[in-house]
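S.K.: Handing you a structure now.
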Amino acid sequence: MATPGEASVNDSHVGKNKQTPGRYWQEPQQVGKNQNKDGEQALKDLQHKEQTTHTTKKRKQEEDRGDGKKFISGKSDPFPGPAPVPADRVQKFKRKDKTKKPGRQQYKLRDVITRSNNSSEIAQNQAAQFDLLLPEEAGFLEGDEDEDTCMISQEDIAEAVDITSGAKYFNLKLSQFGPYRLDYSKTGRHLLLGGRRGHIACLDWQSKQLMCEINVMESINDVKWLHSESMYAVAQKKWLYIYDSSGIELHCIRKFNDVLRMQFLPYHFLLATASATSFLQYLDVTVGKEVAAICTKTGRLDVMCQNPQNAIIHLGHPNGTVTLWSPNQKEALIKMLCHQGGVRSVTVDKTGTYMVTSGMDKKLKVYDIRAFKPLKSYFLPAGASCLSLSQRGLLSAATGDVVQVYKDVWSTPVTKPYMAHRVRGTAWGLHFCPFEDVLGVGHGDGFTSMLIPGAGEPNFDGLDSNPYRSAKQRQEWEVKALLEKIQPELINLDPAELGRVDRATFEQRHQDRVQALGYDPLAKEKFVPKYKKKGRSSAGAVERRKKQVAHEDQRDEIRKTVEDKIKMEKERKDTEKQKVALHSQKSALDRFNK
């Protein structure tokens with residue numbers, strides 16, 4: 001007889017039909033038996049219906065997945081694939097044309113070129129996609145009807161804009177040590193001023209915080225920031241000096257004497273100087289050594305600028321010519337006759353496409369550097385002593401104490417300036433601030449910061465030029481920039497040549513190699529018979545073996561000439577047969593022959 005415990009074990013709940021909990025859409029169950037049965041039947045029908053619809057949905061999803069569409073939360077993506085990018089934005093970030101692939105024999109080179117083209121195309125598309133996310137846009141000053149924007153004063157602009165932008169218009173009265181040269185750092189955050197009578201000041205011009213201020217008690221010709229705001233170079237009366245941001249003298253470089261103008265190449269870490277003794281010199285600031293010293297033989301060099309695209313130095317001369325220089329050659333790459341008088345100022349836009357020059361003939365000319373041809377020519381009544389181009393293509397020209405800004409000088413004929421402003425003294429230096437709508441003017445009475453709407457690039461590259469970087473970020477950027485430093489040997493008039501494949505023939509390369517080495521590395525070595533024992537290396541046997549090998553080359557040449565002769569003879573016989581066949585054919589006129 002089973003105990004009550006055993007009965008409870010045998011009577012398991014597994015075999016029973018487990019009732020599902022009620023749902024909110026179901027009606028409350030009635031008390032009667034018939035009503036309970038009807039409720040159970042309806043519940044079963046509802047469960048079967050839910051299961052059927054679930055399997056139908058799942059099957060439909062699997063069928064849709066076979067088409068290759070992506071799913072989000074169980075639904076098909078209405079916009080499959082990557083987002084399309086406008087072609088004009090992709091063209092904006094194009095670095096180079098696709099390299100032509102060689103024949104199939106050079107399969108390794110084909111793979112390298114294919115990977116390079118693919119990586120550059122991916123980088124171009126990614127840059128174009130990220131460009132859509134940039135929040136800032138460049139704007140320009142627009143006047144009302146029948147109103148010239150050049151008549152709007154700086155005071156009116158400063159009152160109309162917000163407080164932060166209005167504070168960027170200011171004047172520094174420094175009449176004791178002027179006139180002043182100026183330079184903005186690469187990030188556009190710091191300003192360096194150098195007075196003709198020895199005054200040097202560097203400051204964070206946005207917060208108006210002074211970093212250092214010294215007087216070198218010697219005349220100053222030019223000032224220039226180096227790779228960061230921690231060091232700057234000063235061209236003094238005799239020699240070139242390097243100072244840090246605290247005003248402490250770091251170096252006195254006596255090889256660089258009588259320097260008049262300077263340009264710093266940021267990606268090569270080179271300081272290019274032009275002197276009164278007609279020398280163009282390059283200083284590597286990473287090791288402190290002179291890279292090149294070129295005697296231009298063109299007299300005093302006081303007009304100088306650089307091409308930001310290819311790091312070529314442009315020099316203006318008193319005879320009206322502009323010459324282009326590289327540290328790799330002792331002669332000028334290009335010589336251009338630009339003016340009938342001496343050249344007063346030269347500047348190049350950031351894309352390296354256009355060059356603007358002004359001369360003693362009171363003309364301002366725009367050149368296309370790609371073709372080295374003039375595009376536009378303008379006549380200024382007083383001529384332009386200083387020129388500067390902004391990141392957005394605005395041109396500033398100083399004539400005496402009046403600073404004029406022009407817009408679209410190379411695309412459309414310009415009849416009037418975009419903006420104009422009169423400073424307190426004769427302008428001695430012009431420079432647009434990077435990533436800001438600001439133009440700095442150094443003059444005889446000090447310094448003036450002008451507001452020029454639409455001058456600066458609105459979006460900056462945080463990995464290259466970040467105005468808001470901390471000291472730690474600056475140190476990391478400096479280490480990375482030093483590791484990626486470009487060697488001066490790579491400075492070339494056309495940077496695209498560095499990525500091209502040299503398609504010289506094998507014979508030309510072989511001849512160059514023979515001239516460089518002094519012997520032919522592919523020439524056959526002289527045959528030396530192997531020594532054999534048992535009397536087989538007697539003098540006669542050795543000579544016989546030498547004669548057997550000596551005529552192998554001649555045999556190949558003779559065999560080749562014989563084959564050519566046989567081929568030519570065969571071709572001659574074929575032509576003769578064709579002529580005979582043509583003569584043997586009867587013509588309709590043969591019946592008249594007697």
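Any Cβ shown, glycine's included, is placed from N, Cα and C.
The region 'Disordered' annotation in TrEMBL covers 1-105, 533-594. Among the features that TrEMBL reports, compositional bias 'Basic and acidic residues' is placed at 35-52, 60-70, 549-579. Marked as compositional bias 'Basic residues' by TrEMBL: 92-103. The repeat 'WD' annotation in TrEMBL covers 336-377. Annotation source TrEMBL lists domain 'BING4 C-terminal' at 417-495.
Help me picture where these features are in the structure shown.
M.R.: Counting residues 6+ beyond its ends, the compositional bias 'Basic residues' (92-103) has Cβ neighbours under 8 Å at 109-110, 113-114, 116-117, 120, 123-124, 127-128, 131, 496, 499-501, 503 in the same chain.
Outside the repeat 'WD' (336-377) by six or more residues, the chain places 303-310, 314-324, 383-389, 391, 393, 395, 397, 409-410, 413-414 with a CB less than 8 A from a CB of the stretch.
Counting residues of the region 'Disordered' (533-594) by DSSP class, helix then strand then coil, yields 48 helix, 0 strand, 14 coil.
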